């Protein structure tokens, strides 16, 4: 069984400008790539789990999302960071057409994490969810991951978020240091 870091995207890995779907508007948060590289060296799989309601709302197409995701994946790979899995939810209960759905994959539900756990043979009791919203943490809790980490690089941290997070960090950049300290 593998251990993994489940990663939200917008506000965790990249600056959240709102419905980011174009390469020109995608900017990694300072230090994120180095942190991801360090987490890989520590033996963690890196698994992206991202809600993309902009697809359901008609703000951008699934093809536009996939094009940006492919670019992001290549950008990381060029810097020795390989994502082991990419999972996304294009649905929203108030969406349009085929994407209007109250699904099991949209965080705070745990469907994306549970699918990754099954497909990638991940041990949730050795794994971590990192995100900038309560919904991210609730998905991690529902999937029974070992640790849920809230980062301050996206949405404002709420009291509810602080209450359910195992750690609240300024950025994912701080996570490798915390994990090394806990290992001692």
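For all residues, glycine too, the Cβ spot is worked out from N, Cα and C.
133 is the residue from 118, 121, 133, 144 that Swiss-Prot records in the substrate site together with 8, 9, 10, 16, 17, 18, 19, 50, 51, 52, 53, 106, 107. In terms of Cα spacing, the recorded positions 8, 10, 50, 106, 132 that come within 10 Å of residue 17 (substrate binding site) are 10. Listed in sequence order, the binding-site residues from 8, 10, 19, 107, 132 having a Cα within 10 Å of the Cα of residue 89 (Zn(2+) binding site) are 107. Geometry remark: residue 50 (site 'Stabilizes the phosphoryl group') versus residue 19 (substrate binding site), CA distance 12 Å. In sequence order, 87, 89, 91, 111, 112, 115 make up the list of same-chain residues 6 or more apart from residue 105 (Zn(2+) binding site) whose Cβ falls under 8 Å from its Cβ.
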